[in-house]
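**Student:** If you scroll down you'll find the structure; I have some questions about it.
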């Protein structure tokens, strides 16, 4: 149905994102595209959805050559895209978001009743239920994704592109999404599915195309290819990391949390009498469906807001009232879930992003030492294998995964005593994810107390010493991470079906 | 880096010439001497030392105000109070020069300092309201300008007014307080050196000190600054105070450099020019200097055309407005293809 022929893309700054890519996608299938960060998956999809134009090559749909030069043109061809970073507006309602740019009108006015009806109709047709009147910002990430999918489907869509759709979802939400996607395929849609996660590709796709360094490295039906082969095609080498569970190095807790309560309108922030203890050298994993209070826990522990009740102590001493700056001076480091909103600035250079916060260590009298800062950044670039034009390039010039490495390097390099890592490997490729996980483990081994929040249960089970499950702002289970602990065992707790203190 | 900056400058100049050609040429065709109109506008300002002096004396307050706005914008704040700060800074400086019983060489610095502190209040008050209560500094600073104007006029009328002068103007500024002239035949005064130094120091502050870096982080992404534990409200307020001091200092310099008495009856408009300068300079303190000179050149060239030909002042104003719009249009000046045509390299590739 869709055919890529000799598609190449060279960016104005000389980066070759795609070269001579050619494969085809059969109608009514789910077709997976796998590849590392910077392999060209997103660029290819941007070309198909009209956000970028190819430098060379052609695309045809049903034999007709097409060249979408805007998302609107792509939509007219029946192509809809669900972005990894949603293109939604938080202050608008679900209905307004879905129909943005194609509102039904009555005279010069938007026909709200008709708009609402259209969204309900759309939701019913694809059985993706959403509240058409809810303000987007109040929804959980999973619900926002439904809105994004409906938005992509709202214009007679025949081809749906999903870029890393499960990166932001918890396992039950992922399963839910997969059921929806299968139903969509059965209704005749063609789905292009971009993922790092082989398990998901295996569960969903009929055909897989692998990209490596901008070229097609493999293209096969799923039935004819093994996971190992896919991994090899993606990475050029097979690689899985062993399970590590760092041991606590002291009986004394570094971080103690007692009765922590945060009352908030948003379920993401709500906390109800949380008790935690994290010892030096230990990685405490937090599991839970998205919106179970993880965000509130991070906010309170990082000093971004103060709890309504309860206390937090570092080395047995209360840190009530301490703000982020004060906690950071005590040795807090925090890798935020949304790296680009909170963790860096695309406009500042790599050097500035990598050393922000530590910059006061690079002073000579009243001035900063730019050479020393650049040298340190070069070291980080080498050590973390960051693909970039140089230490003075703006962060925005890097691909998502490489930019995330810079941000992680900054947090890990501050010699922390307490590290909070929130979805540390979301949206980055397997090699980089392994590297980041190794860094977290190394920090724990050097005596740092680590709080790991992750929607990826494999990651939690591989790294954590203990796992605490949050549900509706409460701790419903606190389990030692022994070999009996499996995703299946955690599932009922995460869904609130079971409670074990 | 330099190469890219040069390419941007070259592109900007090219745009200027295109716009001049589009607007000025048809206008000039209505005149007996069309070539004269165009050359007067473009080159007239450079033909005599007096006119060059005019450019520089116009650019001096624009540099101070442009620098003030640039520092505030870089911290992610906005403040239209620079206009009021400039006005009140001028008045405060004159008042201090009239009142303070200081010996000659101390008078001007002391008066300027007093004026800077008094004038900066127009920026500081909205800054505090923003930091404390989250009030929009855009609205409060805009409104406060008029409060500053009328308080200033009241003070002028009641305490500083010279009854012997015909109009509502202050007593004569003591000769000791006036700034020395630099070049014979012009009104260029020592203030221009101070303005240049201020822009240099501003660039140094912004790009080479911890405080300036923190202010750029807060301006680039406030959530990022908060994540790092920086006090965003305080950084914003610091920028407002700094900007207010610089703008008010510029007002004082303007008074002591060019005026015999304080004679402003309305807001002088230099603060608004400062906003334009900062936008032209893309909030870069060092680029404030050419931006201010460019605006000075436009002004002087326009004046010359209006004075010597039968072209109304409004037509000149129209062209100046069009120039500003096109020169600041990011779609033109940030266009990677155009920039490459003028010799820029791709971002980051230089190192």
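Each residue's number is its place along the chain shown, starting with 1.
Glycine is no exception: its Cβ is also placed from the backbone N, Cα and C atoms.
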**Student:** Checking feature assignment: transmembrane segment per TrEMBL, candidates B:17-37, B:80-100. Which range matches?
**Tutor:** B:80-100
**Student:** Can you dig out which of the ranges B:315-332, B:333-350 TrEMBL describes as transmembrane segment?
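**Tutor:** Feature transmembrane segment in TrEMBL: residues B:315-332.
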**Student:** According to TrEMBL, which of these ranges is transmembrane segment: B:54-73, B:214-233?
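**Tutor:** From TrEMBL, the annotated transmembrane segment range turns out to be B:54-73.
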**Student:** Looking at B:188-207, B:268-287, which stretch does TrEMBL describe as transmembrane segment?
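**Tutor:** Checking TrEMBL against the ranges B:188-207, B:268-287, the transmembrane segment one is B:188-207.
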**Student:** With a Cβ cut-off under 8 Å, give me the same-chain residues at least six positions beyond the ends of the transmembrane segment (B:80-100) that come close to it.
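**Tutor:** Distal contacts: 61, 64-65, 68-69, 72, 107-108, 110-112, 114-123, 125-126, 137-138, 141-142, 144-149, 151-152, 155-156, 159-160, 170-171, 173-174, 177, 240, 243-244, 247-252, 254-256, 259, 261-262, 264, 267-272, 274-275.
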**Student:** With a cut-off of 8 Å between Cβ atoms, can you find at least three pairs linking the transmembrane segment (B:54-73) to the transmembrane segment (B:188-207)? Only pairs 6 or more residues apart in sequence count.
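**Tutor:** When sequence-distant Cβ pairs are counted, the transmembrane segment (B:188-207) touches the transmembrane segment (B:54-73), since at least 3 lie under 8 Å.
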**Student:** Looking at the stretches B:106-129, B:141-160, B:188-207, which one shares the most CB pairs under 8 Å with the transmembrane segment (B:241-259)?
**Tutor:** B:106-129
**Student:** Short question: which residues 6 or more past the ends of the transmembrane segment (B:141-160) have a Cβ under 8 Å from it?
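**Tutor:** The answer is 78-81, 83-85, 87-88, 91, 94-95, 98, 121-123, 125-126, 168-171, 262, 264-267, 271.
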